[in-house]
Amino acid sequence: MATSQIHSVSIVITGNPGVGKHTIAKEISQKMQLEIIDINQIAKDSGLFEENDESNDVDAKKLKEILDKKNLNKCIIVGHLAPYVLDKNRVSVVIILRRSPYDLIKVYKERGYSNKKSNENASSEILGIITYDAKNQFKDKVVQINVSQKEIQDVLNKVESAVSGNKDSEEVDWLDLVTKNNDLKKFFVD
Ligand SMILES: Nc1ncnc2c1ncn2[C@@H]1O[C@H](COP(=O)(O)OP(=O)(O)OP(=O)(O)O)[C@@H](O)[C@H]1O
């Protein structure tokens, strides 16, 4: 990547909770000397999350107003809310991390999520809701990476390749996987 591009680069890393956004963002931040902007942290610091710990609900309009005032150059912007609070013209590339719902429920168990919260997040990943919304919002700037069964270094290589302009996206179909495994009820029934 040319030096002039690095000076203005703003990389978005999005995807459902637990896919590995922060893990990857920290590595890229060190390597490329980019500041991390954590959307959830900004929302928390601004008191925009609803009190209920079980919910991810946030006032996206107010959050967008706060982010609109921030300089996003030379930054990595991290968060599952990215498609709802960032304009396409303010970012260079949008990385969506995808992770098998079977891997995600293990992460959620370690985090102590309730069954309801775990299933809500895993079923959102299965349906690809963030991918759908990110593609609508950021169009040709979106690159999808499947982190399942990849070492962190492999994911980092893919991110760097995407930042350099390689727009090859990896397709996933968790719905097909879960259907074939006869596990739909496991994720979609309370
Ligand atoms: N590529 C990977 N392979 C295996 N484990 C990973 C990978 N990336 C991250 N992890 C692990 O998965 C867990 C979740 O990662 P992380 O906290 O980075 O996710 P996140 O998407 O930032 O979550 P949140 O949005 O809830 O903050 C951590 O335990 C982390 O060590």
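From the backbone N, Cα and C atoms, a Cβ is placed for every residue, glycine too.
Positions annotated as ATP binding site by TrEMBL: G18, G20, K21, T23, R111, K150. Annotated region 'NMP' per TrEMBL: 38-58, in sequence order. Annotation source TrEMBL lists region 'LID' at 110-120.
Summary for the binding-site residues R111, K150: the Cβ-based neighbour count within 10 Å is maximal at K150. With the fewest other Cβ atoms inside 10 Å of its Cβ, the least crowded of the binding-site residues G18, G20 in this structure is G20.
Secondary structure at G20 (ATP binding site), taken from DSSP and collapsed to helix, strand or coil, is coil. Taking Cβ-Cβ distances under 8 Å and a sequence gap of 6 or more within the same chain, the neighbours of K21 (ATP binding site) are I13, T14, G15, V78, G79, H80, L97. The Cβ neighbour count for T23 (ATP binding site), using a 10 Å radius over every protein chain in view, is 14.
Secondary structure from DSSP puts K150 (ATP binding site) in coil.
When the record's ATP-binding residues G18, G20, K21, T23, R111, K150 are compared pairwise by CA position, the greatest distance found is 21 Å. For the region 'LID' (110-120), residue counts in helix, strand and coil come to 8 helix, 0 strand, 3 coil, using DSSP.
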